[in-house]
């Protein structure tokens, strides 16, 4: 028997990336020698974001997936499906999804369904539907889905070039979501058209019939809207019109088309019933009441008038969705969801209770209209938390304007790079934001290699120790660093020795070294300081969230030692680290409980509370040191330093990117006294909210 | 509230296409100057099917979709989702799915979700999962899903070339299926690998690391199998092993790898518990019990021995799945489902109650293991009906062997065609089977045009009238022809007049003309003959199947006239035709009942039977003629001939491709006497099986 379907399935969280480099459309107009306003008013576009040769659709996808998982404390093991919608083809066979699996490698979780969905700008929507269907199917195993919509939109020199852009959006999918898809109203229009396509395989540029594409888009919009209204009224027993919609998000190849689209919806409402648009508007539209559908699509007078009468509603229902598509440009599959991100950025919590209607269009053609109801849910998936995590303002502020000449050069370089092998990107990664993935090399076999710009930034001193922001992928490394440092600490509190050239630490996947002078990571000195000062007895926090911390923890300290078992197949890397260092039984149990908590997200009851300020705490690792020599692990083949005998137990704190400082401070505040006075062996009960 | 999930969701029907041209692997060995047995034993392949330049992945997909819909009487309006899995990229943006929407154009049904799924040979499986999830989701609207897995596998000259192939499989998806997916055991292994990929965009050929790909495949198989066993035993509370599987279908790039794969499963069972493989086998495998996983994957002794001990079970559980992949070759996405087709072809009804386990692998890499339980369902989705409709024997018999030289030339021509524009294919369509789609032209804008080889063939005279096989897309035209002819028939039984140059008939989508001398359609003379002779009183049959005919029909003849209503939005085209010609009320009711029967497929009770031989009949249209002038429709804007006053009622028969002649004859046999003696107005009850 199939278990019942989960409820309120939809989008739990969103993350977005767009390149830091952009060119101004106004500057482009001057550079291209076109009439003023051609791009800014004619297309309705302000800026155009673009990738240099060290970024591509894969790097952008890696960035949003990693970033989303970090910000929301989602472990790779808790993802059961990951899929990508894109029309940016770097490889005709290997999916982008498989590149993203690199992020799962360490966790051992390869049981992640989903591949890439393709049809022009529609792929992301196909992936979204697929992922939501998966959660509602008997195939769902309770884990999260993750959808990526990502594209690089570039055009040959000429009138279409200003309609380029680039970006990626990742969406976390599951039940009890703030954005609940009203799946049964979804309506589609799919047909065969050659309006925009990419048959010239060696070129990144599409073949475009701009006029046909606009007509195809608007015709598909009409059909989808009519079908949507039909499905709604059939199911709900009442007619559907724009009055039932709070916000409309349309696929935005350029903003002008979104303006035209909304005007079409008003015209459609009028055709459905003049009452729906009000007397005044109805009177104005009356002369166009009897046009054939095809004629209505190309009638310039109607187009103009409809936009004019639709303007007040457009400002209210569409305006708050247009910022990113206007200042980043067409992001193909990501464009529509850039509209969603803009709306969250602008409206945040006030979206609760609203209905959002989306129109997704991909040339060729595939299109759908679908809707979300917005619910109030608790942090981290509350609207305000999502808006905060998206951090659009600082993303936009960190962008760098380049000249049209430099943009042209980047496009030209891209032409030589597309489909090429055996090269190293020449563009600087200096402009990339912290935490951004980038292409480091394409080898002679066309294999692509990526790295990530460190996300560690200097941060306020806390408890006498400067703590950096840490990438969650560093958690294991950092933990290893700590352990390593611990081994090396002499009686005077100074490191006794460490590998030449940096810190080298063993872990499941191999050994990791922390270079001596990498500004983006802790230096040796910083780590030493950490050992000498507060950190020795200070807790280390891993980013997280309220509901996962509903565990009551007893740390009984040294002497509480068990033999470590080999890590289970899907053990999280954290617990593997634990095993490796033979932690105390209580600690291991605690760790396991926390990990179980993560796995069964949201199912643990909230129990005790020691303060109201901590809402992003996920895990505390208590690393036990003991004086018993015999408790050292003997199966540590890859550890370059033999671990010295542990002597003390102390909590280790790792702070992940979105564990805000006040939170960390709070923890220190209430846990520090015990730890400082008695050492961790005396913490008999550590209750956390 | 979401309605409950439908049950027994899975594959309802399957259709398969593979090219008619093939080369013998034995001949290839000689031609390539390699050692005898290198391809036939080393790869385990017998023949290699390939496309000429008038076929491609789109034409093959068109063929299977059209053919499946025809054979099973599935109207375009009854499809709510259509998706394609393929790695054959003709266009990097426009999905193959959108090309297939041409088949839906006439029906007006554009509300068909789904696009293309991509990851090497895994795309078809992704599409299958997506489609099944859709049926189980709240987005399902009760219509069928349709999954296409299609690919052209070609390799550069060299050792990989003999592992090519080409084929397409279409699968109809819905509840109450004979092949029910046990969705909750599905296990996957996805990771990042460069074993086989297509980064050289302008070339159709992949970059392959053959050795790595084999290791990746087998490693993924192990991981999937272990996870599958884990999920099963966790859910069912008992261990899972090969003993619980009746048939294993593995993705077959070449048969030898399938042999190795099955041997791995035996080895995995042994590792799980020696008891599972029996004492004798366990003793033989014991020396390999403690190999590391990686070592076990490359140990030649183990590989050899495991295949040897697995042989008896292989013959029983895998052997019946290997024919098509061996004689057509690697069909990438279609290969796995070619295994399913082979199994149905070999085992048909005896599959009932069995469990089939599938292993799907796509380089890059994405892989899944999943299972089906086979249920007994009624025709047309019974195992025997599916096996008969697949008609593999005659498909194989109609193939034509070509020399390795000719094969090489075809590959060379393909190289020049791939990604090219502005050409007309030069290969003959003579060898194509009836009903096969083919490429007619690629224009200067890279737009591709397709046509279909007529499925009309001359056939035995029946009741004095030569009846051709008709494509179901012709049904509407043909019906129109009949109606038109009816109008024109004078008292002498001869057509009074008809439009110059052919027959022109009105219908919903516009007017259709039947050219005078089109060998593939009825000529004017043939149609006249039809009017004069048996057809006037003879029934016209539309292809179909038993359970749809479980209607008791009363045709009371002339005088029984109603006003026609405007056709509903998604009315089937048949009923629209009916409406247009204001048929008698009984007829309309009948038509409606039959159409309802189609829509709620399988839900009509089987009632009466007038003979045992008809099992593919779907619909009979009784077109009522009456002498009342006033009953003519007045709202027939596109009809080029004013309909004359109807004078008689007679049944109209349309025979579609898979309505076999004996069946048609049978109908004539029992219905003719009444019709001939009394005219259709005297058929008071026409009972059909």
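Including glycine, each Cβ sits where the backbone N, Cα and C put it.
Residue A:87 (active site, proton donor/acceptor) counts 32 other C-beta atoms within 10 Å of its own C-beta, drawing on all protein chains shown. DSSP assigns residue A:87 (active site, proton donor/acceptor) to coil in the three-state reduction, outside any helix or strand. Taken from TrEMBL, the feature active site, proton donor/acceptor covers A:87 (among others).
The active site, acyl-thioester intermediate feature in TrEMBL is assigned to A:121. Residue A:121 (active site, acyl-thioester intermediate) carries a strand DSSP state (E or B). Residue A:121 (active site, acyl-thioester intermediate) is surrounded by 33 other CB atoms, counting those within 10 A of its CB over all protein chains shown.
For A:251 (among others), the entry in TrEMBL reads active site, proton donor/acceptor. According to its DSSP assignment, residue A:251 (active site, proton donor/acceptor) is coil. Within its own chain, residue A:251 (active site, proton donor/acceptor) has A:121, A:217, A:335, A:336, A:339, A:359, A:360, A:361, A:362 as residues 6 or more apart in sequence whose C-beta sits under 8 angstroms from its own.
For the recorded site, residue A:213 (CoA binding site), the DSSP three-state label reads helix. As annotated by TrEMBL, CoA binding site applies to A:213, A:256, A:260.
Marked as domain 'Hydroxymethylglutaryl-coenzyme A synthase N-terminal' by TrEMBL: A:5-178. As a whole-number mean, the pLDDT of the domain 'Hydroxymethylglutaryl-coenzyme A synthase N-terminal' (A:5-178) in this prediction is 97.
The domain 'Hydroxymethylglutaryl-coenzyme A synthase C-terminal' annotation in TrEMBL covers A:180-453.
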Of A:87, A:213, A:251, A:256, A:260, chain B-adjacent recorded positions (C-beta under 8 angstroms): A:87
Sparsest-packed among the binding-site residues, when each Cβ's other Cβ atoms within 10 Å are tallied, from A:256, A:260: A:256
Proximal but sequence-remote residues of the same chain as residue A:213 (CoA binding site) (Cβ under 8 Å, at least 6 apart): A:195, A:196, A:253, A:363
Pairwise Cα distance for residue A:260 (CoA binding site)/residue A:87 (active site, proton donor/acceptor) [Å, integer]: 25
Residue pair residue A:87 (active site, proton donor/acceptor), residue A:256 (CoA binding site) - Cα distance, angstrom, rounded: 22
Collapsed DSSP category at residue A:260 (CoA binding site): helix
Span of the CoA site, taken as the largest CA to CA distance across A:213, A:256, A:260 (Å, rounded to a whole number): 14
CoA site, defined by A:213, A:256, A:260: further same-chain residues with Cβ within 8 Å of the Cβ centre: A:214, A:217, A:218, A:253, A:254, A:257, A:258, A:261
